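Here's the structure we're looking at; comments come further down.
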Amino acid sequence: MITFACLLSDRFQLFISLADKNSLSLFLTLELSKNLFLIWAFCISCVASYLSLFLSAKHSACKKSQALTDLYLFFRGILENNGSWGISHTRVPTESRPGHVALIAGFYEDVSAVAKGWKENPVEFDSVFNESKYTWSWGSPDILPMFAKGKTICSCALLFLAEWKLENLKRLDVNQADIAPLMASLIGVPFPLNSVGTLPLEYLNNSAHFKAESMFTNAVQVLEQFKVSLCKTLINLALEGLSYYHTYDRLFLGLSIAMGFVGWTTYVILVIVKTHTNLTKTVQSTLLYGFTFVGMMITFFLLIQTSPWTYYIYCLLPVPVWYAVMRELHVIQNLTANLRSLPISQSLGFILISILGIEILVFSFFYRATLTVGLLVFAGWPVITQLWVQAKTTTLIWTVLCALLAVFPLMPVVGREPNIPLVITAGLLTLLISGFSLASSCKSENKYRNNEDMKVHFYQMLSIALSTYVVSNTHNSLKNKQGLPVFNQIISWTTLVSSSVLPLLSPTFLFQRLFSILLSLMATYLLLSTGYEALFPLVLSGLMFVWIHMEQEALQHYGLSLKPKLAVFNFAYATDITQFRQLHLDDIRRSFFFVFFIVTAFFGTGNIASVNSFDPASVYCFLTVFSPFMMGGLLVLKVVIPFVLVSCAFEAVQVTTQLSSKSLFLIVLVISDIMALVSCCCTFSSNKVKQRALISHYVLVMLLTIFMMLMNGLAQLLTTKRLDLSRRTKHHAT
C-alpha cells in the first residue's frame, strides 16, 4: 500500500495511496465556501491500488489554463459515468480551510491547537497515511508537517481552476470526518484509530458483503473509542468518590479548628484591651450552663458518629475558649462602640493594611520573593509617615539597608553554588566595621569603656579574622584533597564555644552589647557559610541598628515620649522601669515589624527544602566525617543566629520605647495566630507534594510563637547579664 500526495495550488493537496498495481482510486476535494467542500471519489475495483486526494482552497485558482480545462473535462467524464460527488460539511475551528485533520484522520481539530500556532495537533492521532506503506505529499509547509512524522515530504506548485459546472450531476453530501474512513475503505486499510466519521456507502461501488464488512468495522472502531471514553469516565468518577470519602470530615474539622483559632485570638485581643484601658467586665453566670449544654451536645454527636478521640479535641476545645470570650461581652460592646467613633476611612485603611501585611507574611512561606516586596514597602515607610522630615540621614540609611536586604530573598537558596570569596568579603567587611567602631570609641574617649572591655573587643576582632582565614584555608585544603587541617578544626570549635560567652563580658550599654553579640555570632556564622549568606547577618544587623533609631524617631513623632540618649542606655537597668506607657496603634506596627524580620531571618537565605536537605559543605570547618546529629545541630545553630540578632534588636526596641514586654508579646501572639489561621485554610491540596509542603509551613507557623518566646528569653539573657571576671562591679545611671 502506497500513499501519494501532491499540491495542485497554494492550498490544494493531492494524496495517492497504492495498495497493489492492479487498480486505481482517486479522491478529490475542492472548497466551495467556508464550510462546504466539493468531493470526488473514483473506484475502479473492489479494493483500489491507488488513492489520490486533492485539496483546494476556493480562491486558489487565479486564471484558467488549457491543462486545467483538460483535467476538468477528464474528471467530469468520470463523474458522469463512474464516480460520485457531493459536499463535505466541516466544523470550525480548523487550521486550514479544507480541514486536513478531519479529512485524513477522521476527527475534528482540538481548539487548544491554537496554543501551538496550529502547526501541530496537541493530541497524537492516527490517520490514513499511517495505515499505508508509503506516502508522497506535496503541499503547504504549515500543513504537511502534521502528517509528516516518519514520512518523506516533497513540494511543488500547480494551478487549479475552481469554477467547475456540476449542477446536472447527482450530489451526495457527507461530513468532513466521513472522508477518512471512505479513503481507508477504498484502499483496504484499517480505519484511523481516532476517526469519528461514518463510512458513506453511497460512494462505494462494491458488493453488499464488502459494504456490510466495512460498516461493521466502522462500528467496532467507533465503539472501541466509546469504551475507552467510558472507562476514563468511570475512573474519574471512582477517584472523585475516593476523594469525597477521604475528605468527608474536612469541612467539619476545619470549621472546628477555625472556631478555636478565632476564639483564642479574640480572647488575647481582649486581654490586651483590658490591660491598657479602663473597660470593665461583667460575668454572666448563665453562660456556664449554656456552654456546658453545647459541650454535651457535641460529645453526644461524636459518640453517635463513633468518631476517633482526636475529633473530641478539635470540637470541644473551642467551647471553653469561647466561654472565656463571651464572659467579656461587656468589654466587646464597649470596644465596638469606641471603634465606631473612629472615621470610617481610617478604620478601613487600618483593616486593609493589616490584611495586606498578614498576606505578605503567609505568602512568604511559599514564595521567598514576597519578602522582597515587604522590605521595599518598609523602605518607603518613613516617607509615608513623614518621619523623613525629622530624620533625613537615618531615613536614608534605613531605605538603603532595606533595599540591600531585599536582594537576598531573590537569590537562590544556600548550598547550591559555593562562593568562598563572598564569605571572605563578609569577614573583611566585619573587620572593617569593627575597626571603625573601635577607632570611633577611642577617639571619643568613651568613659564607659575600660581596658577589659577593649580586650574583649580585640579578641572578637581576632575571632573574625581567624574565622575568615579558616574558611579560606579549609576550602583550599579540601579542594587539594588534603583533608581538614587539625589547626582549623581547633580554631572552629574554640570560636563556637567562645561566641556564647564573649557577649556576656562586654558592657551592657545598648549599642556596645548589641555590637558585641553581632561580632561573636558573626565569627561562628562565617565558619558555617559557603556563599552569599555570609553577608546576610551583616546587612540584617545593620538594619536592626537603624530600626532602633527609627523607633525613637517614631515615638517623638507621635509625642509618646521624649527621645532618650541611646548611646548611654543600659540594658541592665531597663528592668527597673516600673511605669510603662499605654499601648498605641503604632505598637501594632512595631510588633508586625518584629514578626516580619523573624520570618525574613529564616527565609532570607533558604526555605523548607534547604533545611531538610542542606549542603554538608557548610560544616566542613568543624568536621568532614559524616555525623548526622552533629551536622544537624550545627545547621540549626546557623539558622538560629539571625533569629538571635532580630530578637536582641526587638528587646532593645521594647525597653527603649518603655513598653511592657507582655503587651508586645501578646500583639505578636495575635499576629502569629492569624497567620496560623490563614495557613490552616491553605493546607488543603490534592497534590501530595504540595500537601506536605503546606503542612510543613503550617507547623512552622504554629511553632513560631513558642520559638519567639524562647528567643525572647535568650535575648534578655544576652542583653542584660554580664560576667565580671575581675569581680569588680560598676554601676552607671542611664
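Each position is counted from 1, following the chain as shown.
Quick reminder: no glycine exception, Cβ is built from N, Cα and C everywhere.
Annotations in TrEMBL come from automatic prediction, not curation.
TrEMBL lists transmembrane segment at one of the ranges 66-87, 220-241, 484-505, namely 484-505.
Nonlocal intrachain contacts for the transmembrane segment (396-414), taken as residues 6+ away from its ends with a CB within less than 8 angstroms of a stretch CB, comprise 364, 368-372, 375-376, 378-380, 382, 530-533, 536, 539-540, 542-543, 546-547, 550, 600, 603-607, 609-610, 614-615, 618. Tertiary neighbourhood of the transmembrane segment (373-389): same-chain residues 357, 360-361, 364, 395, 398-399, 402-403, 405-406, 409, 550, 553-554, 557, 593, 596, 600, selected by CB-CB distance under 8 Å and a gap of 6+ residues from either end. Of the ranges 251-273, 420-442, 484-505, 591-609, 629-652, the one with the most Cβ pairs under 8 Å to the transmembrane segment (347-367) is 591-609.
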